[in-house]
Ligand SMILES: [Zn+2]
């Protein structure tokens, strides 16, 4: 532990020399503009790679930068950041070479963590054909890192906290970034805001209103096919995706 404490003393000395008021100012409180949700990986230090200092970025990290709707730790951080600190931008930051993402796509089991990794396997499920069509192992995992970030940004948009914030005059903007450990560079994946907004009809408070439109459309379609002979179970056509599922598929194509 000695190197850690020595480094701390050295850092305090340097900070005081550069800015005598540095610690007093921070002690007064924080008003960070950003919430950063990143991976716990030691090679992805949130402040260093974004050039932000103390007081500028609220940070939550977990294995593979996940936004899981039953994770009360993440939800508490998100609520506090949005409703109390009033952050303006929320960043989900993945990174190439992510061990969590690689583990989720591997053929091994790791114990308890497999249940966490199941959330990444859900990302594979949603984008399975794109994932499988990439023949190069490294490129496939790199794309999975990006798809995971995109889905975690969508997961953010689904939370009651972001849904409610969107009813206010200054909702936070959501971003998906990926960090390249080899290059040290961040890339914005440009997760489209209108695509995220399309989730509102389900994850906001208008799901029943939307359901009424689906029923209406399905009734119209069934009256058009009323003259067709009925199929037996063996012959029956595969169930067509509902409108919401088609919409998600379209979003996925847009993101691909
Ligand atoms: Zn990682």
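Note that Cβ sites are derived from N, Cα and C of the backbone, with glycine treated the same way.
Of the listed segments 175-215, 216-256, TrEMBL assigns region 'Disordered' to 216-256. Of all the binding-site residues listed here (41, 95, 98), the one with the fewest other CB atoms within 10 A of its own CB is 41. The Cβ of residue 39 (Zn(2+) binding site) lies under 8 Å from the Cβ of 61, 62, 63, 64, 65, 93, 94, 95, 98, 100, each of which sits 6+ residues away along the same chain.
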